[in-house]
Amino acid sequence: MSKFYDVIKPKASRPPVWFLRQVGRYMPQYRELKGSQTLKDFFHNTEAITEATLLGPSLLKVDAAILFADILSLLDGFNISYDFAPGPQISFSPKEELIFTNDPQDTFSYLLKAIKNLVKRLSVPLIAFAASPFTMACYLLEGGASKDFPKTMAFLYQHPERFDALLKQLAEATVIYLKEQIQAGASAIQLFESSSLRLPSALFSRYVTRPNTQLITQLKNSVSSPISLFCRCFDENFIDLYSTGADTLHPDYHVNLSQIYTAVTHPGSLQGNIDPALFLLPQDQFLNHLEKYLSVLKHQPKYIFNSGHGILPETPLENVQAAVLCLTSISTS
């Protein structure tokens, strides 16, 4: 049984380690693999997905691989047009009726074939992933990435019932999408609520906690694989996420994990959440920060080391490798 799975169920002898966006532009090998392919073509190429996913374990020696895909892949199931130019560009109107595919195995065949290939080649667990409902709704309503989500917030305030209905539809589709990934061979699930920091605290429970609770409940009725929830938020809202039913909670770098372990009687399995900007430092300085960060967390029995957001494109590969080496040398016994 792998370290990643162990930390969610039994104890591990050291903190398992993997990273958000652990494969990406910071890797010369990834840039060579992608070559001149467009991002959309790359994300729909079974062989490319397979080889890119394998770069994480092979180059970093991490304890888990996360499927190399994009959160917008879910939109294939709605037949919504999107592209990367270079950022996400989505053609969607809130007036459109969302109808999800009745043949997900065919719609996502490029992805499911990659998962089946990977399971044969990996010696670590493969993590399936998808966006949580609020984050996917933000992409749809903004037509792509956004800093302040003005269209989303305006729609949310003007049409709260319609926004609730949109979140419900997205959650139901995400259950189908992730269930197919698990049935193809993935052994764990990572949910990404990466747009949630924009919400006022008073709206967090309605638009983040409740939809994720519904999503996780439906997932647990369909699959037995462990579920981790990544969420961008502050400490006060993070505590609210304990009611979602996620097996592991993964805050971004705004949350002080050490304080969570102190404040919560039964903190359960936590994952994260070192600031990815620290990886940009000269290696000796970075490792000093890492040792301080781990001084308390490494002793927590259900702790998984990870980044508090995706690894940045400017990151030296050697620093990520050094972080893994530091983690794998830890003994908590």
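Cβ coordinates are placed from backbone N, Cα and C, and glycine is handled just like the others.
The annotation substrate binding site is assigned in Swiss-Prot to R21, Q22, V23, G24, R25, D70, Y139, S194, H309 on the grounds of sequence analysis. Taken from Swiss-Prot, the feature site 'Transition state stabilizer' covers D70.
All chains included, 25 other C-beta atoms sit within 10 angstroms of the C-beta of V23 (substrate binding site). Here R21 (substrate binding site) is positioned 10 angstrom away from D70 (site 'Transition state stabilizer'), judged by their C-alpha atoms.
Each of the binding-site residues R21, R25, H309 was ranked by the number of other C-beta atoms within 10 Å, and first place falls to H309.
The binding residues for substrate are recorded as R21, Q22, V23, G24, R25, D70, Y139, S194, H309; their greatest pairwise CA distance is 22 Å. The Cβ of Y139 (substrate binding site) has I71, L72, P88, I90, A131, A145, S195 as same-chain neighbours under 8 Å, each 6 or more residues away in sequence. For the recorded site, D70 (site 'Transition state stabilizer'), the DSSP three-state label reads coil. Cβ neighbours within 10 Å of D70 (site 'Transition state stabilizer'), excluding its own Cβ and spanning all shown chains: 17.
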